[in-house]
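See structure below.
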């Protein structure tokens, strides 16, 4: 678990006519890591394939957002013919371009619908209230005066009426949201706009064909409502068409993924007139199984050459451990992927991470609530299932520590005697925390020494990191045993620390 799988560099020699059988067997085994010898033409195909897959991923996410789907439908399998890789990619690209154009059209249509909704939602009650207050037919006859229709976007401390220049008139038309009609001298337009902005008001939205006077606004609202109804029906049809198209997109992505794998495998092979040579790495424990399967598939028409390899930087890193430990692999990878010549700290992290979480957030009630939330994520939310598993593990650890060590639930003492009582036995808890910290740092230094030995860096192991570990352990022993009495240190314990320190200076 701590060391990577032993890998064997394997060369396969087989007839060109058996290529499909061999590739199919390797694909099913999933244990043959191809050594790539990438050519310029194939690199171009692979880059185009990856780019198309990224575009399809973006289209799938946009389609889900527009159609409101929470889960992806199964792929729609349909015939797809192409003479070569270039024609295959061109055909896929044509479909992707078509989908992208349709998404852009739908997106524009939805934005237009939202704009119309906003326009109607503000202007319809505004004109209705204004008609009850005064005659809007009089506004076109005003020569020196102008008007602005405003609605309140956000609350500001200073009222609009106090910020407007004189002379001006503010007529409140509606209250939720606040809508006003401001009448003012035409030369004060800029001042009115600045005052409105300062008071948290904005001008009522208008469309391209909105009339310039209030008298024509009822007809404009009626026209906008009619367009909105047509557009809503059209957009609903668009959403249904996206739901129909989505399985095809998923199928295209699967095709590209298969093509990517096939091109990668083929590019790792060397072709002769009748023979093919394929090189790669196989976990040593799977080698015999792979050989037996390939020989059975091609009736023994295959030759193998293999040797264990550990030092080459090309050797792929593969770890084998229980599924529970695999959950914590992503945390390890945040600090870098362990190389072939390093210990993998994931199994240690899988034990220490929940334990430390429990020590920091130990509470029976909170732990059980966190575990329950994690179970809901794991059971009912596919995208958050991994996070749900983490929450369950950490919640259970917090509940166990909270019950066993602290005896607390929701910050209240449960009522029975525990190892530590955070409110009463602070020094014992503090010492325990220090011991845990010393153990963690010592473990890290010990792993560093072991990595040095694996990498055959004996000088670093014995002259740098081993003395560093001893210095740390002996220093902590002196502090814990003799306290901070410096005079007592110099009666003898100081020599415990000096010995590894001298080794470090020599190293």
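Counting starts with 1 at the first residue shown.
Glycine too: its Cβ is placed from the backbone N, Cα and C atoms.
Listed in TrEMBL:
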type: COILED; residues: 214-241; note: coiled coil
type: TRANSMEM; residues: 355-378; note: transmembrane segment
type: TRANSMEM; residues: 390-409; note: transmembrane segment
type: TRANSMEM; residues: 429-450; note: transmembrane segment
type: TRANSMEM; residues: 462-480; note: transmembrane segment
type: TRANSMEM; residues: 486-506; note: transmembrane segment
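Beyond the transmembrane segment (462-480), the same-chain residues lying 6 or more positions past its ends with a Cβ under 8 Å from any Cβ of the stretch are 438, 441-442, 445-446, 448-449, 452, 489, 493-494, 496-497, 499-501, 503-504, 506-507. Beyond its flanks by at least six residues, the transmembrane segment (486-506) meets 463-464, 466-468, 470-471, 474-475, 477-478 of its own chain at Cβ-Cβ distances under 8 Å.
Within the model, the coiled coil (214-241) shows a mean pLDDT value of 80, rounded to a whole number.
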